[in-house]
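Marked as transmembrane segment by TrEMBL: 34-63, 75-102, 122-147, 159-180, 222-245, 296-320, 340-358. Annotation source TrEMBL lists domain 'G-protein coupled receptors family 1 profile' at 54-355.
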Amino acid sequence: MTLSDNITIVNNGEHSDQVEETSSWYISDETMDYLYISLTITVHGLVSVAGVVTNCLNVIIFFKLGLKDSMSTGLFALSLTDFAVTLMQLASCCSYLVKIVYPESPVDPWLFGAYVFSWSRYVAYLISCWITTVISLERCFCVVSPFTVHQKFTKARCLMIILGISIFHVCVHLPIFIFANIQWVSISPGTTVARNGTMFEKYVLTVLYSDSAADWEILSDMIAGISLSVLSQVILLLCTVWMIYSLKASSKIRQHMNPVRYHNKPRSTLQENKGGASSEDAGALLSAKERRMAKVVLFMAIILSACNVPRFLAIALHHILPGMKMGVNKNLDTVFWEVSYTFCTICCTTNSLVYFKLNSKYRSEFLYMFQCSNKETNKGLI
């Protein structure tokens, strides 16, 4: 995340001429206007709306299912952070739309769209990534060590971990809001003419980008945006590999111990004996649940990894390419960030598909809610 994106850079109260001359070397300002309308407002706005709706349903469903253990608590917290990400992004898109519809606004829309809402969304997304890692770690232990997982991952410990993750990320990024001053700035002083012919200065409420904010931006990106984010991704991938290996090993052991019964027993017999199944039958049924757990972690890892790639590339290019941090080639830098933001929002939106596909309780509650809604609608029509 970069504070200089889409925010006027002010050095001692004066605009930097060098930034203005080189901001559109690769992408023109006319092209950027088109990208803002098509990508930032339209595409990203629609994805944000879908994310707000789906995550709102997630919060309601997980709350109705009950926060009985650490897993349900983690999924509920993840839905809350995903809801915050998509809601902040939707508010940011609306701010960009205000700038186009009402360009003479006394309050700079970038103040909210590219600063307040954008940074809030970024912090919430980093928290969401770590909550996903914690959930995946617990599901990994559910397969590897099923008899001790409930003692290791309690509801209280889960709440403490999530609260600690949230407080840490907020504290790391809080100085960015403190160092960037919000002030009334004069725009083209003395050039605005009123109807009676008098000259007056026009002021706009915007953000003054200071050197202190730039230094802390780099530090926060290195700590939370890159180092800790990469660490969470590595842990997520290791959990996936570990769990898949454990599932394959346990499956081989069951086949070796009783190959005839494992291969020849009809699936219908297992389904009929669910109520009074033997220990061997229960082991076979447990294997199916373990495979579903592995799929949940695998899909989460794939979605999170794929959606984080553009963000890592945007951060790397922003800090590696000469002059990007100072606003040079600003349009190109902005495109990189807008694409990465879109993938982050997609990640927070598509988690609902994983829940619906692989979580039977979530799917049942989801269908039940809409069935009840349809019944109430039909009663009103009669």
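Even glycines carry a Cβ here, placed using N, Cα and C.
Keep in mind that TrEMBL annotations are predicted by a computer and have not been checked by a curator.
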Take the C-beta pairs under 8 A between the transmembrane segment (340-358) and each of 34-63, 75-102, 122-147, 159-180. Which stretch has the highest count?
34-63
Are the transmembrane segment (122-147) and the transmembrane segment (296-320) close enough that 3 or more Cβ pairs fall under 8 Å, when only pairs 6 or more apart in sequence count?
yes
Leading stretch by Cβ pairs under 8 Å, where the reference is the transmembrane segment (222-245) and the options are 34-63, 75-102, 122-147, 159-180:
122-147
Sequence-remote contacts (6 or more beyond its ends) of the transmembrane segment (122-147), Cβ cut-off under 8 Å?
1, 70-71, 74-75, 77-78, 81-82, 84-85, 88, 153, 158, 161-162, 165-166, 169-170, 173, 224-225, 228-229, 232-233, 235-236, 239-240, 242-243, 246-247, 290, 293-294, 296-297, 300-301, 304, 308, 344, 348
At a C-beta cut-off of under 8 Å, are there same-chain residues at least 6 beyond the transmembrane segment (159-180) that contact it? List them, or none.
3, 73-74, 77, 115, 119, 122-123, 126-127, 130-131, 134, 207-210, 212-213, 216-217, 220, 223-224
